[in-house]
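*Asks:* Before I ask anything, here is the structure I am working with.
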Amino acid sequence: MSEKHKVAILGSGNWGSTVARIVGSNVRDRTEVFDPEVRIWVYEELIGGRKLTEIINSEHENVKYLPGKELPENVIAIPDPETAIEGANILVFVLPHQFVRSLCGKLAGKIRENAFAVSLIKGVDFDEKGVILISDVISRELGVECSVLMGANIANEIADEQFSEATIGYRNREHARLLKHIFQTPYFRIAGAPDVPGVEICGALKNIVALGAGFCDGLGYGNNTKAAVIRLGLIEMIRFAKKFFKDVQSMTFLQSSGVADLITTCYGGRNRRCAEAFARSGGKKSFEELENELLNGQKLQGTLTAKEIYEILQRQNLLQEFPFFEVIYAIAYQGRSVEGFLQQLSEKELSLEGDID
Ligand SMILES: NC(=O)C1=CN([C@@H]2O[C@H](COP(=O)(O)OP(=O)(O)OC[C@H]3O[C@@H](n4cnc5c(N)ncnc54)[C@H](O)[C@@H]3O)[C@@H](O)[C@H]2O)C=CC1
Ligand SMILES: O=C(CO)COP(=O)(O)O
């Protein structure tokens with residue numbers, strides 16, 4: 001390709017801003033291949049009467065979603081998504097999954113020729129036939145090939161440059177190679193897996209399991225109990241992935257995007273934190289209230305994913321096979337007691353695993 005690759009980032013929350021630090025610095029170091037300007041679409045809001053885009057462009061810091069961390073000066077905040085992607089052929093999607101369709105609606109028909117995308121978004125969509133991958137939403141709405149990047153990646157730790165790994169799920173190896181160049185650093189190591197559905201479904205479903213881990217913490221249980229909850233959740237993640245995506249590879253569950261992301265989220269993530277607070281309140285505070293109270297504008301993905309997965313399973317008459325996902329939904333949305341969580345879960349899941357009685 002004679003023209004240089006140009007990257008645009010769609011989304012500027014906690015992870016989006018962290019990724020912008022990495023991508024901005026990597027492309028600036030390789031200007032023979034990449035255009036050094038990285039535009040980042042920022043959902044505009046006022047902070048103390050000033051526009052967030054203006055603050056980012058003058059102070060080079062996302063003071064709301066990644067305070068205290070400098071953004072490279074070649075990362076330019078843009079409030080209009082269409083302007084943000086002008087001339088870009090590598091589109092990095094990193095926004096809460098509930099906003100993807102409306103964003104794609106604004107970008108459809110405006111994409112540069114031969115552009116391709118990567119989704120860092122952890123969530124799913126669905127229709128009457130079942131689950132739809134967010135990468136497929138992007139792909140279909142915009143007519144671009146879409147890889148995914150998922151992993152044990154709590155944003156603040158990566159912004160602190162602590163060692164972490166991630167997995168690129170890809171169909172096009174050349175795209176994956178370029179993506180590795182824009183994301184990898186000595187402290188952020190990228191592996192590839194030719195299994196987009198496996199990588200992406202793990203990234204979405206582990207957020208539901210993290211709610212279970214948070215319930216454990218809020219109910220005052222210890223490490224053995226939490227390990228049991230994580231194991232039971234992992235079984236359902238694998239069962240769901242294999243049921244809806246026949247070609248999912250078993251090895252994918254051992255990638256950073258599989259078991260490692262599950263562990264980190266169950267110990268250090270926002271879903272866990274809000275679920276702990278929910279259980280401590282005895283279910284009296286709603287997740288919506290807790291998200292507003294605890295996350296300063298950051299968004300939970302697990303509760304919405306629990307609802308979406310529940311609706312998929314209900315429509316397909318599959319709830320019996322997924323007691324973990326069913327219980328989490330019922331506690332979060334139907335007022336079922338959080339205290340009964342473990343008992344309901346172990347009885348139902350054990351009968352599926354083959355009880356010895
Ligand atoms: N934060 C983390 O540690 C990680 C997050 N992720 C995933 O990355 C995705 C993005 O998450 P974060 O960057 O953490 O975001 P965030 O949860 O920190 O922030 C929410 C973002 O949504 C934006 N927003 C609010 N209302 C909006 C609207 N109506 N339309 C469009 N945008 C709106 C806000 O401006 C903000 O940028 C999620 O799917 C998340 O699961 C993945 C790995 C790590
Ligand atoms: O995906 C994450 C870590 O990989 C972050 O999880 P939370 O959204 O629960 O913070």
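Here the Cβ of each residue, glycine as well, is placed from N, Cα and C on the backbone.
What TrEMBL lists as active site, proton acceptor is LYS206. Annotation source TrEMBL lists NAD(+) binding site at GLY11, SER12, GLY13, ASN14, TRP15, GLY16, PHE99, ALA155, ARG270, LYS299, GLN301. The substrate binding site annotation in TrEMBL covers LYS122, ARG270, ASN271. What TrEMBL records for 6-175 is domain 'Glycerol-3-phosphate dehydrogenase NAD-dependent N-terminal'. The domain 'Glycerol-3-phosphate dehydrogenase NAD-dependent C-terminal' annotation in TrEMBL covers 195-341.
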*Asks:* Excluding LYS122, ARG270, ASN271 themselves, which residues in that chain have a Cβ inside 8 Å of the centre of the Cβ atoms defining the substrate site?
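*Replies:* For the substrate site the neighbour list reads ASN207, ALA210, THR265, GLY269, ARG272, LEU300, GLN301, GLY302.
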*Asks:* On the 0 to 100 scale, where does the mean pLDDT of the domain 'Glycerol-3-phosphate dehydrogenase NAD-dependent C-terminal' (195-341) fall?
*Replies:* 97
*Asks:* Just name the winner among ASN271, GLN301 (the binding-site residues) by count of other CB atoms within 10 A of its CB.
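*Replies:* Counting Cβ neighbours within 10 Å, the top one is ASN271.
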*Asks:* I'd like the number of other C-beta atoms within 10 A of the C-beta of LYS122 (substrate binding site), please.
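*Replies:* Cβ-Cβ neighbours of LYS122 (substrate binding site) within 10 Å number 27.
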*Asks:* I need the least crowded one of these recorded positions (LYS206, ARG270), counting other C-beta atoms within 10 angstroms of each C-beta.
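*Replies:* Counting other Cβ atoms within 10 Å of each of the recorded positions LYS206, ARG270, the minimum falls on ARG270.
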*Asks:* List, in residue order, those recorded positions out of GLY13, TRP15, PHE99, LYS206, ASN271 with a Cβ under 6 Å from any atom belonging to ligand 1.
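*Replies:* Only GLY13, TRP15, PHE99 meet the Cβ criterion.
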*Asks:* Listing them in sequence order, which of the binding-site residues GLY11, GLY13, TRP15, PHE99 have their Cα within 10 Å of that of ASN271 (substrate binding site)?
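*Replies:* Within 10 Å Cα-Cα: none.
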*Asks:* If you count the other Cβ atoms within 10 Å of each Cβ, which of the binding-site residues GLY11, GLY13 comes out on top?
*Replies:* GLY11
